[in-house]
Amino acid sequence: MDVTIQHPWFKRTLGPFYPSRLFDQFFGEGLFEYDLLPFLSSTISPYYRQSLFRTVLDSGISEVRSDRDKFVIFLDVKHFSPEDLTVKVQEDFVEIHGKHNERQDDHGYISREFHRRYRLPSNVDQSALSCSLSADGMLTFSGPKVQSGLDAGHSERAIPVSREEKPSSAPSS
């Protein structure tokens, strides 16, 4: 007779609230301080996982702001140089792609690649879009909004990434 053995409900992972670390965005980075706190994992459960909210704040998640006057995207790309990044506007979308070939770091050899796609609001002036990379690795994509009723100018074009020598003024989460 086959019997399925399951962990008690209080020791099971909470599915979408605690996804597998396999899909976390920090493949080439070391452990965080809270990953090294053994008393948490042993006192709560052998299956304890750090809060997803905490790991989201520490990862390279982007921030999108859209107010009355402008549209801005902040994206942490600290492992990429401007030459590794491609920013394109196509119709109502901005596509940001980053890729660098295999290189050596503190933990061995690593290559990274990402692709992000964001919908632009219909009233963003696509002829005035800009993109810059700060000294601390924060990519800032921005564009002013036009008055309603004016043509925002939809076309496909590449946006050059300029390098800034100062750190980003984007808020850290």
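Glycine too: its Cβ is placed from the backbone N, Cα and C atoms.
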Site from Ser62, Ser111, Ser122 that Swiss-Prot describes as phosphoserine, others unannotated there: Ser122
Closest of Gln90, Asn123, Gln147, Ser162 to Asn101 (deamidated asparagine), Cα positions, recorded positions only: Ser162
Within the predicted model, mean pLDDT of the region 'Required for complex formation with BFSP1 and BFSP2' (1-63): 51
Least buried by Cβ count (within 10 Å) of the recorded positions Gln90, Asn123, Ser162: Ser162
